[in-house]
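A.B. asks: Got a structure here, written out as structure tokens. Questions coming.
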Amino acid sequence: MGLSKLIALVVLLDLLSSARVARSEFDDAVGFLQRAKEPDFFDWMVGVRRRIHENPELGYEEHETSKLIRKELDALKISYRHPVAVTGVVGYIGTGKPPFVALRADMDALAMQEEVEWEHKSKAPGKMHACGHDAHIAMLLGAAKILQEHRDDLQGTVVLVFQPAEEGGGGAKKMIEAGVVENVDAIFGFHIATDTPIGVVESRAGPIMAGSGFFEAVISGKGGHAAIPQHTIDPILAASNVIVSLQHLVSREADPLDSQVVTVAKFQGGGAFNVIPDSVSIGGTFRAFSKDSFFQLKQRIEEVIIAQASVQRCSATVDFLDKDHPFFPVTVNSKVLHRHFEKVAAEILGASNVGDRKPVMGSEDFSFFSEVIPASFYYFVGTMNETQGPMHPPHSPFFRINEEALPYGAALHASLAAKYLSENHALSSPMKNIRDEL
Ligand SMILES: *[C@@H]1O[C@H](CO)[C@@H](O)[C@H](O)[C@H]1NC(C)=O
Ligand SMILES: [Zn+2]
Ligand SMILES: [Zn+2]
């Protein structure tokens, strides 16, 4: 072989090998979106979403939903663990080795009656997928299908987390207790957004959703005739003053630049116009953006209720109900994963379609994953079609979803995971190998 031929061969081999590297690093993220928009693929996701929408199930009761997910995973030849946290399913795609990156979807519906009249309306009276978790499942299955088609190129393992009971049941916490994310290095979660156009995604680095807790207090006095107050100890007046005093916690004690909420949403007492009751019960929620502020607020709520009730000679007990409703931590997005998200999303959607999301005082049980996994990231997938006007927000009985948004969630979830693995493969494997052997 002449020298020039040898050089040509070397150059050719070099080109071939760099082409392989390029493919395995998923430079063609746009291809994922095109794949998810192909009619067969799209119709399959829509079908999955509609079947789940017709049969909504509440937290820890997602038995049929879980079965449907497992059937789809079987069809895709993806192995999984089940049951986890009652109805949860955890699938695995890739090498089975580190690094591990998780993608999460929630599965539960809400206890409310659907008011939208359409072909696939909820068939379960008093239950509705009014928060879009049916779409989240379809998107995560879509991502799973894309990733399974590229499984030989994955440089690590994608963990598919289908979790029960997001709506107040702490399903994420139960999944963590079952050990499903023990080796996971990073996790991505999403929620559909009704105030953001289709094709646009949004998030931010740092805190994005608040920590949240509930409280309930019983304020006790001494009941009696409403016309003879001097012989009673009136808990209605005491509870009223308690509520006013609670409103001073945020307005007078919190840093105005550190957002917090105290809301009394429940006030129950008395039953007649002419009887002062023995006791009154009040309850509500409190929110904050840091652990310190959250626990400071919790302590002050208890102190204020007891002390203010005593001003009117009443006694009070305060219960934070955290056994049945664990406090939701603050959802905090990793800075590194935010950069990853901005880069990957811009490649697929164009930089102008990757937006900033203002933090909200709502909370998400994804935050439990945030607390235990080294890096976590939560983002929003737009579902608004501007030509169709404004949408009803989540938890409305008129809530509906534009299914055209499904391919965006599927493709972005898949690319975030695949690219995370290619970029972190070299970094995390030596340490991981040591940990695996221990
Ligand atoms: C928005 O809706 C219109 C008609 O209702 C449709 O033609 C269009 O494709 C939709 N846009 C997107 C992004 O789905
Ligand atoms: Zn919800
Ligand atoms: Zn939700």
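Each residue, glycine too, has its Cβ placed from N, Cα and C.
TrEMBL feature annotations, pasted as is:
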- 1-24: signal peptide (SIGNAL)
- C131, H133, E167, H191, H395: Mn(2+) binding site (BINDING)
- 211-306: domain 'Peptidase M20 dimerisation' (DOMAIN)
A.B. asks: Work out, from DSSP, the number of helix, strand and coil residues along the domain 'Peptidase M20 dimerisation' (211-306).
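C.D. replies: For the domain 'Peptidase M20 dimerisation' (211-306), the helix, strand and coil counts are 38 helix, 36 strand, 22 coil.
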A.B. asks: Neighbour count, 10 Å Cβ-Cβ cut-off, for H395 (Mn(2+) binding site): what number do you get?
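C.D. replies: Step by step: centre on the Cβ of H395 (Mn(2+) binding site), count other Cβ atoms within 10 Å, giving 12.
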A.B. asks: Taking the Cβ of H133 (Mn(2+) binding site) as reference, which residues of that chain separated by at least 6 in sequence fall under 8 Å from it?
C.D. replies: A105, D106, M107, D108, A109, E166
A.B. asks: Which is it, of C131, E167: the one of these binding-site residues whose Cβ has the most other Cβ atoms within 10 Å?
C.D. replies: C131
A.B. asks: From the binding-site residues listed here (C131, H133, E167), select those whose CB sits under 6 A from an atom of ligand 2.
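C.D. replies: C131, E167, in sequence order.
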A.B. asks: Going by DSSP, give the three-state secondary structure for H191 (Mn(2+) binding site).
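C.D. replies: In three-state terms, H191 (Mn(2+) binding site) counts as strand.
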A.B. asks: Sequence gap of 6 or more, Cβ distance under 8 Å: name the residues on the same chain that satisfy this around H191 (Mn(2+) binding site), in order along the sequence.
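C.D. replies: Result: G132, H136, E364, Y378, Y379, F380, V381.
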A.B. asks: C131, E167, H395: which of these binding-site residues put a Cβ within less than 6 Å of any ligand 3 atom?
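C.D. replies: So the answer is C131.
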